[in-house]
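Below you'll find the structure, written out as structure tokens, and then a few comments.
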Amino acid sequence: MRIDVVSIFPEYLAPLELSLIGKARQDGILDLHVHDLRSFTTDRHRTVDDTPYGGGAGMVMKPEPWSQALTAVAEARRGHQGKPVLIVPSPAGERFTQALAHELAGEEHLAFACGRYEGIDERVIEWAGEHFDVRPVSLGDYVLNGGEVAVLAMVEAVGRLLPGVVGNPESLVEESHSDGLLEYPVYTKPAVWRDREVPAILLSGNHGKIAQWRRHEQFRRTSERRPDLLEVFDAGKLPKADRLALQELGYDIVDGRPVRRQGTAEPAG
């Protein structure tokens, strides 16, 4: 996979040289290029922003440097079928999820446009649609100073799904959000630490019961911490053990979705 990132702070992306993503770059699994937007300006001050039409606070990123930068990125796709995907981090975008990370991991070429100030001139987004599949994406319902932090998170979330990046592929299957639920709690040695014991079932050697306990803990933790995930969880084809786990937590299955039973207290969390 090729990834291009355009930013006025290219040094912000330095962490992508570390850990598993850095190793994936060294191994040729991930071809990552970071571009300085100011390199695509033409004035001696390397200006990338200007005042907004209509007034208002803040500055807006100028269209021409962005068009030059994105044209250069699109050139890398010449000779290939289809458009690259351009991710524009924005609090006004669709929410970034594990499902979206899996979708993007199937693409050959991703580009990221890191906005700053009040954002990028909207005409850039419209124009870019001629050359890219443009997708404004939000990490969540909050505002950051720029897109770089979001890009770090998204590149890692997508990159680690590529074959060969994570050493044990099975770990990707058991993670939070991989099946719409949060991950179960994990423990390591010693078995007793500061008078706190590892759950006995994990020391039993009974792999079937361990798997059942972990699944139950997924439902419990999701119910306590992210009940919104259960509201959209597809429970229509759950095995009997999973249905019993949900019932114990105060949920009934209605039209294929878990619904909290009336009179059941909301989970603490």
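Note: Cβ is positioned from N, Cα and C throughout, glycine not excepted.
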Per Swiss-Prot, member of Gly106, Gly115, Gly167, Gly180 binding S-adenosyl-L-methionine alongside Leu139, Gly140, Asp141, Tyr142, Val143, Leu144:
Gly115
Between any two of Gly115, Leu139, Gly140, Asp141, Tyr142, Val143, Leu144, the residues recorded as binding S-adenosyl-L-methionine, what is the biggest Cα to Cα distance in Å?
17
Who sits close to Asp141 (S-adenosyl-L-methionine binding site): which same-chain residues at least 6 apart have their Cβ under 8 Å from its Cβ?
Pro91
Would you please pick out, from the binding-site residues Leu139, Val143, Leu144, the one with the fewest other Cβ atoms within 10 Å of its Cβ?
Val143
Just jot down the residues in the same chain as Gly115 (S-adenosyl-L-methionine binding site), at least 6 apart in sequence, with C-beta under 8 A of its C-beta; none if empty.
Met61, Val88, Pro89, Ser90, Gly146, Gly147
